[in-house]
Amino acid sequence: MEENTAAAAERRSGCGLLSVMFGRRALWSKKPTVADNGSQKSTSTAATATSNIQFTKSPGTDFKKPREDQKVSAEPIQNNKIQNQRSVVPSKPSSNQYPNNHQLGHYENQQRSSHNNNNNSSSVDPYRRGQRKVPREAIGLSGELESMITDHQKSRGANGLVRASSSNVMLFGNLGNLNQCGPATTANYGNVNTQNSGYGGKRTTVAASPATTTKSQEQSGSLCRAISTRMDPETLKIMGNEDYKNGNFAEALALYDAAIAIDPNKAAYRSNKSAALTALGRILDAVFECREAIRIEPHYHRAHHRLGNLYLRLGEVEKSIYHFKHSGPEADPEDIAKAKTVQTHLSKCTEAKRLRDWNGLITETTNTISSGADAAPQVYALQAEALLKTHRHQEADDALSRCPVFDVETSTRYYGPVGYAGFLVVRAQVHLASGRFDEAVEAIQRAGKLDGNNREVNMVLRRAQAITEARFRGNELFKAGRFEEACAAYGEGLDHDPRNSVLLCNRAACRSKLGQLEKSVEDCTAAISVRPGYRKARLRRADCNAKIGKWELTVADYEILKKEIPEDEEVTRGLSEAQQQLMKRHGQDS
């Protein structure tokens, strides 16, 4: 009877631990339904309905220190008919009753007044009532948390604590294990960001004040960690599952991280974290988490199946088939058949590259990606390399842009230094062909650090440096009006890369200034042949053709540009003039 009364008090309280960390949630559903309970049954009866994780401190929000007599203490129930009944905490009104902070303060004043009427001494321990000690379980998480916050405010002040609009106390700084970048989150969230919360309301995120010190963050973070460790990891997992179902993958990831921090040896938490990472596009990190789940529990079928799918997307077919076969009831014959199809296309890719059949390689890499290996950097690199060999620079750039972007550290950890250096070589060449010279040098220098003995790395590095230097000298000479010398400088760069579209277009500009219009058109045409979407080259060619009097070709170029950039006034004016000149010529001919 006593335990039921205490539990009822906790259910009535609207400001428990879960409200402090993650906003208001409906708690204590008896039979939660989760996306992935793993191989272990949930031991918690807690479920969640709604959540908004608060990431930042609201600037300009100050709260007075609560006095000692503002603590909410347990009130004994005076009833002669019911004996041995433990005291309960009077529940705070919900955020719907008192949505504003001043109303919440009014409520606390009422509670203090009620407390003073029932207890003449304001210094009585909130966990004692006269000579009778009230167990901490009867107070519940709400009372314990109120005591922790009061103690923190006494020793540290109110810095680091803010009140949300729902009258819940929120903590600025690290939320559980959710990493934050720097003292302020303005870079990530802007000043004020209002968006749908996914639970039928709006969430407003206010950037933290830049004046927030590291010391206050550490204090708030330590309190947050102290509170986090009191939560049931199963409850955190259930919250994460619900956020995952609602598409809030970043919030789900934070909750799974918090559960892992409390119980790092639970395979289900790792597997669920892997699912959240996959949804966020962090495929390699998801692989590492699945591996850890299987290390903890070798016969965890769900993790094996999840890892099999990840390896398939990365083009690791043999590993994929292995884990599909160990996924038990999760296994699906179609998964293995799909993996074998990808394996067949990969074999054809290898053969095409050996034979230097670049068109065949383009076809097979396309088939490999469409068959399931849609996150395999080595496949995209092969495709981009083949497109470069066939002088289709724009398509090579497009192909590599579709490849998932993994950070350097994670990629090096997964593929190894030599493997990732090979990918960087192709990326550097694509940057170079697209005129991104600085990015090309940066990528190839990084490849050199990873695999300094690679001959191809050193060759591409020398070529990138030579082209970049030639472009720089040519630009400086052009600005100085020394067009002949600038033309020669660009020509030196083209000796290293004869089809570089940017150098061709720059040389065309020099030749146009020198009156060499026909040669300028030739350079522009060469640039457009490898990059059909290179607007500057097409515009320059149209201008040169107009000066020569080739109005049909001028109109053709301007019409293409008009479709791509209809709002451009220069294009509109050039097209109109070219059409008028063409009509005059046709009139004279007739």
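Every residue gets a Cβ built from N, Cα and C, even glycine.
TrEMBL labels come from automatic prediction, so no person has curated them.
Note on TrEMBL: of 327-348, 569-590, the range annotated with the feature region 'Disordered' is 569-590.
Same-chain residues lying 6+ beyond the ends of the repeat 'TPR' (421-454) with a Cβ under 8 Å from its Cβ atoms: 377-378, 381, 384-385, 388, 393-394, 396-397, 400, 408, 411-412, 415, 460-461, 463-465, 467-468, 471, 497, 499-502, 530-531. Regional average pLDDT for the repeat 'TPR' (421-454) in the model is 94.
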